[in-house]
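Take a look at the structure below.
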Amino acid sequence: MPENTAIASIFTAIVCFKFIILTLEAKEKSNLIRPEFKHPSPEQAAGILNRSFFWWFNPLLLTGSKQRLAVDDLFFNDDGLTFDAWRDIITRRWAKADISKPHALLKVMLATFKGLLLAGILPRLCLTGPETTTSNKVAYGLIAAYAIVYIGIAVMSTMSQHKNYRTIVAIRGSAVSLIYQHTLRLTSSSTSTSSSLTLINNDVERMGHGMREVHEIWASLIEIALSLWLLEVRLGVSVVAAVFVIIGNICTLLGCVFGFVKMGLLLGDRQKVWLEAIEKRTSSTIATLGSIRGIKSTGATDIVQRITTRLRLDEIRISLKYRELLVGIVTLSYVSTTMAPVFAFATYSIISNSRGTTPLLAASAYTSLTIFSLLGQAVSKWISSSVDIITTIACLERVRQYLATNLRVDPRTIESYIKPIDSSNSPRLRNSDISQTEMLDMGSVDQSQYHPNSVGEVLREVPLAKMMITIRDCSACWSKGSEMAISEINLTILKGSLAMVIGPIGSGKSTLLKVILGEMPHTTGTVIVGRSEAAFCGQSPWLTNVSVRNNIIGVSYLDANWYNTVVNACALDRDFEQLPDGDNTVIGSKGVLLSGGQKSRLALARALYARNDLVILDDVFSGLDAKTEQRVFESVLGSHGILRQGGTTTVLATNSVRNISLADHIVVMGSDGKITDQGTYQNLVFASSYLESLGTRQKTLNISDSEKSKDDTVSGLAVASAMHQPVDSDNRGDKDLTIYKYYIDTVGWVTWWVFVLLCSGFVFGLVFPQIWIQFWTEANARQANYRLAYYLSLYALWPLMAIVIFLGACAWLMIRMVSKAAIQFHGILLNSALSAPLVYFSTTDSGEVSNRFTQDLNLIDMELPTALIGTTVTFLSCIAQIGVIIYGSSYVAAAIPALIVFLYYIQLFYLRTSRQLRLLELEAKAPLLSHFMESIHGLVTIRAFGWTEKFTHQNHDLLERSQRPFYLLYCAQRWLNLTLELAVAFLAIILVSIALTTRESSGAKIGVALLSIVGFGLNLKTLVYTWTSLEIAMGAVSRIRHFAINTSSEDLPGEDRTLPPDWPHEGVIRFQSVSAAYSPTSHPVLNDLSFTVKAGTKVAICGRTGSGKSSTLAALLRLIDLRSGAITIDGIDISTVVRQDLRSKLITLPQEPFYYHASIRDNLDVRGQFSTEELLDILEVVGMREVIDKKGGLDAMANADVLSHGQSQLLCLARAILRPNKILILDEATSSVDKKTEEKMVDIIREKFQDRTVISVAHNLNTIMDYDEVIVLEAGRIIEQGKPLALALEPSFFASLLKAADGESEDALEEETISNIASPRSR
């Protein structure tokens, strides 16, 4: 006895000591952390009990239940989840990996995150083990044991999942960062917005979804082995039959899924094809959203809708093959779980009947069924987790393939001091000795010795420090085997000089600039530059969806004095005065409502603000009227311009030769991609046939200081102020029933109820056998194996029926419901987007709209179906099992209402926060996607400026911001999972207590109840898993619903008049006192316009930049609404006509060309009305047949990357010629082409549209001198109107504009403007 006392004392002391240690460990130590190391994450500072029971998460739930959450209200993620913690490790491992080998990324991820991944093994292992029995003589001990087991299961299950989700968050952040960093290093020709966005929205998200049950791969196998061992103990040899059923089904499954060769071969291949179809549709949609103004202007919304819908239908058709296989896999997973007990009990009963041994009784039956339930869950989890892992591996492989694509290698040589070209290497070059200053006067050069591709005539032993760019014998093409874009280029540009590159369209001007920037590899020769960085402005200005000021300063800091200098130099000061928020006004995605000139000047201002030593400009003045162009040119590139004063080297590719005499060096490109002439203006003005053909012998306009203070006014920019609202800002109060009803309305109520009935039949087939076993075992207790065939056959019938019904439910959902929902929701989105007013796209972030078409549709297509059937089946199963529990023990019924009330308030409390978190996750992800798209569109600009590292940091900040709601949503789900499992533990303890302390039910009924408790616990756990997935997917439905509701349509009530097929018959256009604005709250852009365009006449609208020219056409096309007045065409008020119908009856050639996502043939003739010969003839007319033949002919895909801007515009002109309508609208259609191409387009329009009404906005006034009438606008008003020649010969405002276009100064312009506004003239 003393020994026992001593042992007991030691044991007690050890327990107390452990308790003290546990208490100290559980005590939070945040108050002990030094201030410099304090972290805002409460989880990181929480103790072990706090983490185990998620107490640290309660404050956020309380806050979310009381108020509306914002991202800034959320906890920060702890250090272990940030990409900073893993950047060096994963970057180093990825650099060392053989990225060309399959699954290289998988290996890198496993090696990097093995610690996080392994952290979930121990708690998961605690859930796995054989059940042990406790003496039923100690009732209270058994009750305590049940409490410990069930609470332990709840805590360990939640902890295991939480550890796993931390791994998912870390991998998600790393994958997105790797994709972005790789994208910034790709060649400009290989970057695809759709590819990278598909990876982020689809593959990365599916990777996370597939990893949620990753530990079930190994844990389920252990549970299967343990369950089979326990069954063998209970049922003996009869368990072999069940084993054969399970093994047979697994083998069948493996045969279907793994293609008998490799795991995931069939499923992975089908998924890959499906994802490629998604990428194709996504690419078309993003291109559509980016060209929305041109699409609306040309009345092409119905064509775009038809093309995009066809891509969506193709995607759905392809996905059916994947879904069919998935239906088979899921059904097979249920075969083993439902049929295994049948075969086991049948074998046991048959052996018992033949040998006369103990029949199947309640104790062995319900114990075995409990084990079978656990076995079935283990088999199902192993199968589903295997499919998920296959999906994850396939997605990782797609990411690896993207990361393995060839990176851009800068082919240039960067040297601070550039050696001059050695004349011995080129017989064309001979040495001379002139300075930079002497280059400006080359009149004495002997033209007979001049060679077009020689720099020796203008450079003789130039000092090394004075050279900025040297190109030697360079030839370049966009891809291997393709035609040379430029050939045999020899060129040197000195520091501080201005070089202009001119030539016809397609001659390689832009290509030469790309070579200088290192964006295009050269096949031969060398390119040497004095700086790796350059301020670059592309032909299509790149703007981001931030304020005007932030677009100008980029990633630099604000220098107020320099900023104001740049703004004034680019003539933006007057624009700022018209903005409601000044230069803090957000301009919208791609500056959708800005005129071309305003976009160009913003981009130019950004280049100037950067203060780089090298500036490269690609036709930045093309969208400006002559007066504005001259003012900006003088301020920037004139003798006193800020680039000249700063000694900046500038290379300007241009189609405008108005100021070419100011260039220090001129490069003339030929149509064959070679330099045909180069030298100073004085050299070439007589020697260059091309330069002479352009008529460049002209004076340069000088702008007086008084004129510089007055310039253009703003047009549509003023609308992008306070209207900028996130598309999801108001939908956090959605009730779930409203969302579910909306989904059911979409798929159809009949379709829905068929699905519910099938699921109910399946649940009945699963649950009723538990009660049937009671009848069977009670009959056996009365008489051994009584009516064995009867009980056994019916027992087998229910599972067979359940399997057949489940197959029907899956097929009904996956093939019918999903396809219908996919078509309907895409149609809702597309209709809403295409019918939205143009102003919507300037006030809404492009990432938010793109998110609807990418992530939201993907959630509905991929996540929602499996979550829906899982939630429906498990919810019905829970209800059925509660009924069975009550049937087994009537006393438990008293606890059910309390449990229901508890669950109701828990879900109410939970949903208030989780609903906000799921929407915040999407809201926080939208800027990340927008930044991603903007980075891809501005890739060349970002790299040229040297902003790659800073944009990577911006991406990192946006990613970390989006990770916060993403991770906390997972935490909220784990909190709910823990709470519900504790509720199940409570119910189980009550049932066990009743069973051990009362005798109100039979053993069989108690067995039914205990079995149902186990099933209820398993199903409740599954319900949490599927319901949280369904909750996220239904969030996508909610966002689509709100997008459709809150996106107003441009079509207004009363706009329902139908037009005859051949309308307009004559083409008479009449403006009657028209005033218009881009939005009800913005400044009017048109004021009291009245004029008439007679049938068959040609009328030009001109004026300075921002005077209202494009807005006049926008009013005619119903892109903006009238505040007063009316516009009629052939006597019909266009405000009564459906807008799309109106636009489709007019021919519009916008400033920015766009393509449909289709072949060249379909782009020219989308309705299939013309033969191949007719299409080729039209291409011949516009001079594009040879170009198109080289690109692959009419059946090649239209691609803006392989055609120059001018070539694209000629293709759009060919499309316009094929249309028979009576009215042609030209919106600065020739502003971005060279003079020869412009003259060609003018001649084609004059010939092909001679009997039609033409209304044209033009900056080059020389192209409209033969028009019947010209209307001059200023500040949205008509100040002059008459015949161009008549106005040109008189002291008119038009004459002053014409003189400015011809390079002559007109000092009285401003006074005349004021005079004309006060009293407009008409001639």
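Every residue, even glycine, has its Cβ placed from backbone N, Cα and C.
The shown structure was predicted, so the numbers you read here are calculated from the model rather than taken from an experiment.
Features reported for this protein in Swiss-Prot:
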- 6-26: transmembrane segment (TRANSMEM)
- 102-122: transmembrane segment (TRANSMEM)
- 138-158: transmembrane segment (TRANSMEM)
- 217-237: transmembrane segment (TRANSMEM)
- 325-345: transmembrane segment (TRANSMEM)
- 359-379: transmembrane segment (TRANSMEM)
- 471-697: domain 'ABC transporter 1' (DOMAIN)
- 503-510, 1103-1110: ATP binding site (BINDING)
- 748-768: transmembrane segment (TRANSMEM)
- 752-1031: domain 'ABC transmembrane type-1 2' (DOMAIN)
- 821-841: transmembrane segment (TRANSMEM)
- 859-879: transmembrane segment (TRANSMEM)
- 891-910: transmembrane segment (TRANSMEM)
- 976-996: transmembrane segment (TRANSMEM)
- 1006-1026: transmembrane segment (TRANSMEM)
- 1069-1300: domain 'ABC transporter 2' (DOMAIN)
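Taking the features listed in Swiss-Prot, we show where each one sits on the structure.
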{"residue": "GLY503", "record": "ATP binding site", "CB count, 10 Å": "25"}
{"residue": "ILE505", "record": "ATP binding site", "CB count, 10 Å": "25"}
{"residue": "SER507", "record": "ATP binding site", "CB count, 10 Å": "27"}
{"residue": "LYS509", "record": "ATP binding site", "CB count, 10 Å": "28"}
{"residue": "GLY1103", "record": "ATP binding site", "CB count, 10 Å": "29"}
{"residue": "THR1105", "record": "ATP binding site", "CB count, 10 Å": "29"}
{"residue": "SER1107", "record": "ATP binding site", "CB count, 10 Å": "25"}
{"residue": "LYS1109", "record": "ATP binding site", "CB count, 10 Å": "27"}
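Distant neighbours of the transmembrane segment (102-122): 80, 86, 89-90, 93-94, 159-161, 163-164, 166-167, 170-171, 174, 214-215, 393, 396-397, 399-400, 403-404; these residues of the same chain sit at least 6 beyond its ends, with a Cβ under 8 Å from one of its Cβ atoms. Put simply, of 359-379, 748-768, 859-879, the stretch with the most CB pairs closer than 8 A to the transmembrane segment (821-841) is 859-879.
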